[in-house]
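For reference, TrEMBL has these:
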type	residues	note
BINDING	K133, Q196, G227, D258, K402	UTP binding site
BINDING	H228	substrate binding site
Amino acid sequence: MDSSNNIEGRRRHQRTPSQVELNEFKALTKLDASSQLKKELDKLLLTAPQNEVETIRTEFNGFEKLFQRYLCPDDSDFKWTNIEPLPKEAIVSYGNIVNNSLSYENIRANLNKLIVIKLNGGLGTSMGCKGPKSTITVRDDLTFLDLIIRQLENINLAYNVNVPLVLMNSFNTDEETNKVINKYNHIKVKIYTFNQSRYPRVDKENLLPIAKSAAFDSDVESWYPPGHGDLYESFYNSGLLKMFLNEGKEYVFVSNSDNLGATVDMNILNFLLNPPNSNKSPEFLMEVTDKTRADVKGGTLINYQGKLRLLEIAQVPKENVDEFKSVSKFKIFNTNNLWINLKAIERVIEEETLHMEIIVNNKTTDKGVNVIQLETASGAAIKNFDGAVGINVPRSRFLPVKTTSDLMLIMSNLYTQKKGLLEMNPKRSFPSVPLVKLGSGFAKVNEFLKRFGSIPDCLELDHLTVSGDVTFGKSVALRGTVIIIANHGDRIDIPAGSILENKIVSGNLRILDH
């Protein structure tokens, strides 16, 4: 018999698996992946230092829950067409909560119920610096941490209170941060620290941890901090949450350590503790601000299935990304300045009702292994709290330093600094922040500083783009829109004292001393 007939006969007898069978196969595969992961985690636990076993076991339990949700996603029903307009009461205008009649005693009573948490898990590697990002010098020879502590010390002295500062470190920043904070012992700010979890990176192919030992010092690259959404569990597990509740604290103000605009705001605190018209206090408040061209990728608040939710660009279908970036449809974005009720945090942890969307972060190790990191964002917890609201705050409360482009503006005369507070220079005639894009030659702080004789005058600057090998002499003034492009192999030296107003500089410009 012809072999081709045999093949055709076998094809006729083959049966296409039903959808039910495919689902059962997928379920078994996921069950197997989950079981294998647990075995590997149990093996890793056996290698843990004795004094860390309980901490690591707790972290592994948290990772297993996150991994289970990754295998069986429950957010897959998100549909772009189901996004509804935000209810009018969902976003409060900051102007409507300003209370100029607050007395000294009112403010003091409110402050006694507050703690401040700064998210301090990040390193300064993106700007070419070693150690915690919060220890980078940003203004007047002061670091992020110096400025944060000055702000709080000023409040504590002015109102005779003791608002504590709590730093959420990662295993990357903990040791160095604890060394640095020793220098603040004489300052009237109590400083506490706790660590966010340490989770194992898993191989993208077999979904198993790449770590060989739980003694992570021997292989730091096999571990990662799982994003600032880990704040709630780690804060609870540290014992600090219970301690502050016992002290009568009610709210925590959470923000990124690199956001220099995230200061304690008396109006927001009073709105939470003494809501208007005897309303119930919101358990969760997210500061949002108006979106500009520089913020089109920032997460935004949406109304979804009757709940306020944070929508990140990673959750948006590709065909809707342009719509998401639109300033006309999504007019606000999340600053990651959050105010949260402490008892509510305790409740959602103990009742196990805390739920945040998983962010899958794909990485490649130095050894070339493709791994995944499962992370969460703290703002995504908003849907788990009662009476959650957004508040549209002035842009001045969002002043992050993510790049040297941001750093240039912070170091310039665009801002003034007093007692740790940065404010827009009153001499600037309009409130918007210039859009600055510095090229790759400026990306690392050391290189950035070498390229400026002094930071230019930016009071009248709208937009600056710099590309290629460019240096600035002392006392340069930039006004309007300035574009400076040095072609490959060319160099442009902007002479000291130059005033560039609405100029395009290109080619090769170099003035040498003789």
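Along the chain as shown, residues are numbered 1 onward.
Cβ from N, Cα, C; glycine included.
Annotated features, which come from TrEMBL, shown on the structure.
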residue: K133; record: UTP binding site; CB count, 10 Å: 25
residue: Q196; record: UTP binding site; CB count, 10 Å: 27
residue: G227; record: UTP binding site; CB count, 10 Å: 23
residue: H228; record: substrate binding site; CB count, 10 Å: 26
residue: D258; record: UTP binding site; CB count, 10 Å: 21
residue: K402; record: UTP binding site; CB count, 10 Å: 14
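The maximum pairwise C-alpha distance among K133, Q196, G227, D258, K402, the residues recorded as binding UTP, is 21 Å. Note: the CA-CA distance between K402 (UTP binding site) and H228 (substrate binding site) rounds to 16 Å. Candidates K133, Q196, D258 (binding-site residues) were compared with the residue listed as 'substrate binding site'; those inside 10 Å Cα-Cα are Q196.
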